[in-house]
């Protein structure tokens, strides 16, 4: 297996390259009867799309979805759902000067070592263009989770370089190109990114994603833990170098009396665990965050070697994101939704006859 598929009961297989004729995916395991139309994909695909602000890549793709199979008269049939998006704004000539060079910090060298051949145009299969189809598949998962269980998956940018939110408002997240939760800071982010872009450098970021309404009981110990699969899903996103569940690495500095989430009949008093204990959901919000490294495609020269082993300086032209984290929020949401839908179906398959178990503790209460 070449690991282009994700999930067990609800599976997603993606295909295509950044500068190929098209990208696509096959979604299998979706229950029948879910209403699904091409226009339902537009919102999330446009949230992920480049060319929407001066702070992202200038590449402009229409990202119009084509449903090839698995939907009849507007409803899923239970058979594989084929989705396709045609690439229309490739500029492969921008990569001719680095076709034989390995960009430091990029997958050029590792793909070459693994396969002995690589597609240098836009990064080929290693390009974040592939995540477009993850977002498309996530649209299906988000809708099913919301309709079936009332689960709402949403995310936001929680750090850009050294800048962190000075406040939080979910309503602000969708009103700016950064998915930033504090509207008053958006001008600061604009100024920072303008200066960064002019310098030719890039910067890292952090994205938080939250799923509210997840019932207690989802997750499979020992090797199918909800948090383990969520961490793997987020780590599979391009440029991600770290993932936290709940308080994550901050837990190392906490005492047990600080970290444990006390329980009352009215609900949990905190959520340091991120809504998961023993690999199984608690009924609280499932929370995770991921850190993305700075973009490695830079206009600033950097030392490397070429395919002949000669020392060269590489300069990347073309259209690239100075901060990949700016467009990563919809991708993180999609991956969490895919994990949750797969886990929901697996839980239903094994434990659907268990029924309501008492006591059922509500989610976190305000204290």
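Think of each number as a place in line: the chain as shown, counted from 1.
Placed from the backbone N, Cα and C atoms, the Cβ positions cover glycine too.
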Query raised in the report: Which is it, of 41-60, 61-80, 81-100, that Swiss-Prot names as region 'Disordered'?
Result: 41-60
Requested in this report: Would you mind reading off the Cα separation of residue 54 (NADP(+) binding site) from residue 295 (FMN binding site), to the nearest angstrom?
Outcome: 16
Requested in this report: Pick the one among the binding-site residues 127, 295, 297 whose Cβ has the fewest other Cβ atoms within 10 Å in this structure.
Outcome: 127
**Report entry** Neighbourhood of residue 239 (FMN binding site), C-beta criterion under 8 angstroms, separation at least six
**Finding:** 128, 292, 293, 295, 324, 325, 328
Query raised in the report: About how far apart, in whole Å, are the alpha carbons (Cα) of residue 48 (NADP(+) binding site) and residue 127 (FMN binding site)?
Result: 14
Report summary line: Cβ-Cβ distance under 8 Å, sequence separation of 6 or more, same chain as residue 125 (FMN binding site); the residues meeting this, in order, are 16, 17, 18, 111, 119
Query raised in the report: Any idea which of the binding-site residues 48, 54, 293 has the thinnest Cβ neighbourhood at 10 Å?
Result: 54
